[in-house]
Amino acid sequence: MIKIRDTQNFIYNRKLVVDLIKKSNIDKNDIIIEIGPGKGIITNELAVRVKRIYGIEYDVHLYEELKSRFLNVENVEIIYGDFLEFNLLEKYKYKVFSNIPYNITAKILLKLTSFSNPPEDIYIIIQEEAARKYAGNPYNRESMRSLLLKPYFEFKIIHRFRKTDFTPVPKVNSVFLHIKKRKNILIDENSSDLYNNFIAYIFSSSGNNLKEKTKNIFSFKQLKRLSQDIGFQITDSPVNLSFEKWLKIFQYFITGVSTDKQKLIYNAYAKLLNEQSKIDKRNRNFKY
Ligand SMILES: C[S@@+](CC[C@H](N)C(=O)[O-])C[C@H]1O[C@@H](n2cnc3c(N)ncnc32)[C@H](O)[C@@H]1O
């Protein structure tokens with residue numbers, strides 16, 4: 001059973017925080033959301049470098065301490081509560097800078113990246129394995145998550161930590177991940193639902209390779225042709241193809257496949273989110 005204490009691996013070196021901020025593009029015009037300020041080591045350094053910070057802390061004792069520490073700091077607002085329940089900013093551009101609680105990584109990133117006004121930049125300290133999954137190629141093979149997000153965001157690991165940079169020392173490795181909102185998204189806005197459905201369909205349909213997974217949406221002839229034109233094997237696993245190749249396959253799906261076949265994928269993304277939330281409910285063991 002996960003307790004809030006288990007989410008608390010604090011940074012204790014002020015110089016490390018300053019270095020991380022220097023590696024970011026954050027400046028005095030920025031509005032920052034910090035998830036879990038903890039004892040305020042990041043908040044304190046951000047406060048003198050940015051326009052405004054909203055720090056959302058779910059540990060009531062830490063919240064009380066933060067509240068009194070930043071009482072007279074005008075550009076810092078400390079809010080008590082669960083970040084997952086917090087309303088993101090609808091009208092302003094903002095960035096996220098946080099050493100996140102690792103147990104809710106997927107929920108934090110789903111919330112931030114699916115919001116109608118997502119952050120311009122997300123700088124997070126995150127478990128290395130999760131960062132590699134989200135960033136996909138060149139750090140790892142692509143994943144469903146990396147492929148779903150890459151039309152809208154770019155990923156870069158900009159620092160690797162030592163485990164001893166945190167106290168208590170965590171069991172897992174951590175990195176500093178930059179997720180940057182693209183200025184120009186890589187798929188037509190009208191096709192974004194179809195793209196989500198397409199990727200979700202490929203990853204949730206039965207079979208291990210492209211030939212098996214696409215058998216209801218592409219004819220053998222179509223897939224063979226695509227594999228020659230784009231450069232892949234029909235026996236490849238979906239994770240072995242780069243995002244750029246998946247974009248090309250998707251473009252063909254929009255233009256070269258009949259509407260009847262396109263309809264087969266229509267609910268795939270909603271179904272996936274629904275199944276994910278059922279799993280989350282079964283695993284709801286995060287007690288405070
Ligand atoms: C990894 S610690 C980082 C603390 C501090 N920022 C630092 O770097 O030393 C994660 C912080 O998130 C807080 N936290 C855990 N779950 C949270 C949630 N759902 N919403 C907001 N804060 C949460 C924890 O209490 C803790 O302070």
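Here the Cβ of each residue, glycine as well, is placed from N, Cα and C on the backbone.
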- prompt: For the S-adenosyl-L-methionine site that TrEMBL assigns to ASN9, ILE11, GLY36, GLU57, ASP82, which of ASN99, ASN103, ASN117 is also named?
  reply: ASN99
- line: Most isolated by CB count within 10 A, of the binding-site residues ASN9, ASN99, is ASN9
Statement: With the fewest other Cβ atoms within 10 Å, the residue among the binding-site residues GLU57, ASP82 is ASP82
